[in-house]
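Record features (TrEMBL):
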TRANSMEM  85-107  transmembrane segment
TRANSMEM  119-137  transmembrane segment
TRANSMEM  149-174  transmembrane segment
TRANSMEM  204-226  transmembrane segment
TRANSMEM  303-320  transmembrane segment
TRANSMEM  327-347  transmembrane segment
TRANSMEM  367-387  transmembrane segment
TRANSMEM  421-439  transmembrane segment
TRANSMEM  451-474  transmembrane segment
Amino acid sequence: FLGAGKPPMYGDYEAQRHWQEITYNLPIRQWYFNTSDNNLLYWGLDYPPLTAYHSFLCAYIAKLINPDWIALHTSRGYESQPHKLFMRTTVFVADLLVYIPAVIFYCFSLKETSTKKKASICCVALCILLYPGLILIDHGHFQYPLSLGFALWGVLCLSYDWDLLGSVAFCLALNYKQMELYHSLPFFCYLLGKCFKKGLKGKGLVLLTKIAGTVVVSFAVCWLPFCTDMAQIMQVLRRLFPIDRGFFPFQDKVANIWCSLSVLIKIKNIVSPQTQLKLSFAVTFLSLLPTCIKLTVQPSLRGFKFALVSCALSFFLFSFQVHEKSILLVSVPVCLIINEIPFMATWFSLVSTFSMLPLLLKDGLLLPYAVTMLAFLSVCAASFSIFEKTSAEDLQLKPFSLSLKGYGSWFKSFPKIVRSLFLLSVTLMGALSLASAAVPPPQRLPDLFPLSVSVISCLHFLLFLVYFNVVILWDSKNSRSQKKIS
């Protein structure tokens, strides 16, 4: 694990263990407050209540096995093989109970019936579960996949028109990690659009009332222990959204637009944190507005899944206080549409994992990184024949190409151009990965390789954002799906 055996913070593994220590030994009213027993500068809780409850549950089991694992104060930096086994088991159980079933049931919800289509369902499930980024982060940075798992259950429920259950599932995701806000607008716009289509003077109003009530009750249940005092609520919110930190609360090597621009313009030195917040909000809002309008006006399950990708990518590129690991919030929805655009989904998944390379190298995960990337690419290539699916039609760009009067002939050479760009991209990622791991950077430019990774990844993501927005806005299939919703 990153930081293992390295005081004073010891790494993300210690963060999860420390949350168990705090939630088990202290009363709820002290979980998010700085006290003599809870130093918030030492891995203070900064996730929503559901994460805290999960930590308490794990701590309760840990206490039964070995009380030393969560002893107040004295357990700081505790590391042992039995405890590592216990902690890994908790991640595996979370995978087994929430994330993996969501993936499997989602793949079967694609409603393919022929033998060939059933085989492709298994391929989709295999590709999603083999996505390198999530595997490496779960086990290298010790992150529980519960928020993504709950979000997937939300998508699954909406695919069966179980709108209330889908709302509950997404509320659980949002109350486990606040970063699920990346997916909140597509859920909101899709459900609101369905209500509009049913008519806000009839069934639509009833559905809207039920969804609103479900969301309120779900949040109330999750926040109930903190609702006795407004000071408690405000303190939790301050921990979840520490806006005073500015654009760069962690490090400057994230593959988003602000960190890439900071190579040329030192934004944090010339723009105040409050102005940074307003700027990021404005740019993020404008970048995702077209997608949200289209989804609200023409709600469809297909459009909803593509909107999850586009909106999450807008948040990653332009929003406030982004971590490298936040790219997973884009990558998992991309995996959900890998059967529709296998070539682009595979390409994006590789780039998203590459964007976290500096973080993975700190973990000593170079070999697992290389192996999982090659395995994922091989499985996708074998399962979907991705290099044969690069035409405008395969990439869902046929409606866009038809709208370019006089320029449509350019798309005849499009497959060859796309394949060449892909090979160039993969070659560049491979070369930079090797250089980052084996070549010492120049003394005058110690951050040369991490910055190169972030800037190159950011350029990729900007192009992908344009691509996904084009697919969404020119999607003619949305209009044909309205009958199903009605």
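Note that Cβ sites are derived from N, Cα and C of the backbone, with glycine treated the same way.
Note: TrEMBL annotation is automatic and uncurated.
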(message) Would you say the transmembrane segment (119-137) and the transmembrane segment (367-387) are touching, if the rule is that at least three C-beta pairs must lie under 8 angstroms and be 6 or more residues apart?
(response) yes
(message) For the transmembrane segment (303-320), I need the partner stretch with the highest count of C-beta pairs below 8 angstroms, choosing only from 85-107, 119-137, 149-174, 204-226, 421-439.
(response) 149-174
(request) Report, as numbers and ranges, every residue of the chain located at least six residues beyond the transmembrane segment (85-107) whose Cβ falls under 8 Å of a Cβ in that stretch; write 'none' if there are none. (result) 13, 16-17, 58, 62, 65, 69, 121-122, 124-125, 128-129, 138-139, 142, 144-146, 148-150, 152-153, 155-156, 159, 336
(request) Please give the sequence-distant neighbours of the transmembrane segment (204-226): residues at least 6 beyond its ends with Cβ less than 8 Å from one of its Cβ atoms. (result) 28, 48-50, 163-164, 167-168, 171-172, 175, 191-192, 194-198, 232-233, 236
(message) Under 8 Å for C-beta pairs, could you tell me which stretch among 119-137, 327-347, 421-439 has the largest tally with the transmembrane segment (149-174)?
(response) 327-347
(message) What residues elsewhere in the chain lie close to the transmembrane segment (119-137), defined as a C-beta under 8 angstroms and at least 6 residues from its ends?
(response) 100, 103-104, 107-108, 110, 112, 143, 145, 148, 325, 327-328, 331-332, 335-336, 338-339, 346, 349, 352-353, 356, 360, 363, 365, 368-369, 372-373, 375-376, 379-380, 383-384
